[in-house]
Amino acid sequence: MRIAVFMGGTSSEKEISLKSGEAVLESLQKQGYDAYGVILDERNQVSAFVDNDYDLAYLVLHGGNGENGKIQAVLDILGKKYTGSGVLASAITMDKDKTKQIAQSVGIKTPKSYRPVEEIERFPVIIKPVDEGSSKGLFLCNNKEEAEEAVKKLAKPIIEDYIIGEELTVGVLNGEALGVLKIIPQADVLYDYDSKYAKGGSVHEFPAKIENKSYKEAMKIAEKIHSEFGMKGISRSDFILSEGELYFLEVNSSPGMTKTSLIPDLATLKGYSFDDVVRITVETFLE
C-alpha cells in the first residue's frame, strides 16, 4: 500500500500546506507506511494525481483548488481514495457566506452580515475574503472609510459585526468532537495569519477554561456542523463566546497540521498524539 501526501498548491496558504505536509509525511514514514510527498504547483495540479502511483491520496492542501472541491472531483473521476471531505462539503465550506447561510438555516447563531458597506449598522466590523483561510486578508474596520478601503482590496469580501469575546475552536475527528481550545493572541487584537503561525503569536489554552455549559454547547454545535455539511475525517469549527452566547464563525475542512496548528493540540484532549491522528485518518479512508 502506497500513500502519496499531496501538499503545496497555488493558494496563498501554500507555505502552511508545505509545513503540514512535511509533518504528516514524517509521521507516516516513522510509523512504517510506504509514503512519499508530492508538491503541487500551477503546472501539475491535475497531472500529479494521474501520473503518480498510490493507493491513498493524503490531502494536506489548504485553500484554493485543494480545499474547494476541485481536486476532490479529479480524484473522484480517477476512482482514487483520498482523505478528507468530498466535493460538495469542500466546495460549500470554502465559501464562508454560503456556510453561514446554511448554519443559520439549522438554528446556529452567527455574526450579522452586511452587503454592501452602506448597509453597515454599527462599527467596528470584520471584513475578510469569502474563500480564504488562515485569516488571510482579515481587516478590522472602525468606520465607513476603513471599510470601503478594505472592500477594495478583496475580490469577494464578507462583512460581519465584530464581536468582542473569547476565541474558541473545536476539532472534530470522524464525527466526534475532540474538545474546545481557547486562542489567546499575544500581539494583535485579531487572531490573524501571524498570530496563527508565528512562534509566540498566540497561546493555546486547552481545554478552554470556560463555563461547562458553553464548552458542551460548542462541542455539540461543531459535531452538528460536521454532520450537516456531510464532512469527513477532520474538521475544525471556530467560534466567538461573548456574554455567554456562542457565535459560529466558519468551519475548516482541511485544518493545518503544523507544529503550531490547533488540531494536534485538540487531539491531546482525547489522548491522541499527532501520529495517532495521522494513523486514524489513513485507516478511516482506506476502509
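From the backbone N, Cα and C atoms, a Cβ is placed for every residue, glycine too.
Feature annotations, reproduced from Swiss-Prot:
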DOMAIN    98-283  domain 'ATP-grasp'
BINDING   124-169  ATP binding site
BINDING   D238, E250  Mg(2+) 1 binding site
BINDING   E250, N252  Mg(2+) 2 binding site
On the 0 to 100 scale, where does the mean pLDDT of the domain 'ATP-grasp' (98-283) fall?
92
Minimal Cβ count within 10 Å, across the binding-site residues N142, D238, points to N142
For the binding-site residues E148, E160, E166, work out the Cβ neighbour count at 10 Å and name the residue with the minimum.
E148
The binding-site residues listed are D238, E250, N252; by CA-CA distance, the one closest to E148 (ATP binding site) is E250
Going by C-alpha positions, which of the binding-site residues (D238, E250, N252) is nearest V130 (ATP binding site)?
E250
For N142 (ATP binding site): DSSP state (helix, strand, coil)
coil
Which residues does L154 (ATP binding site) neighbour through Cβ under 8 Å, counting only same-chain ones at least six apart?
I127, K128, P129, G137
Three-state secondary structure, which DSSP defines for V130 (ATP binding site):
coil
Closest of the binding-site residues to E250 (Mg(2+) 1 binding site), Cα to Cα, picking from P124, N142, E160, E166?
E160
Secondary structure at E148 (ATP binding site) (DSSP, helix/strand/coil)?
helix
Rounded to a whole number of Å, the separation of the Cα atoms of E160 (ATP binding site) and D238 (Mg(2+) 1 binding site) comes to 15
Fill in the CA-CA distance, D238 (Mg(2+) 1 binding site) to N142 (ATP binding site), as an integer in Å.
23
So if I draw a 10 Å sphere around the Cβ of N252 (Mg(2+) 2 binding site), how many other Cβ atoms end up inside it?
23
List only the single closest residue to N252 (Mg(2+) 2 binding site), chosen from the binding-site residues P124, N142, E166 by CA-CA distance.
E166
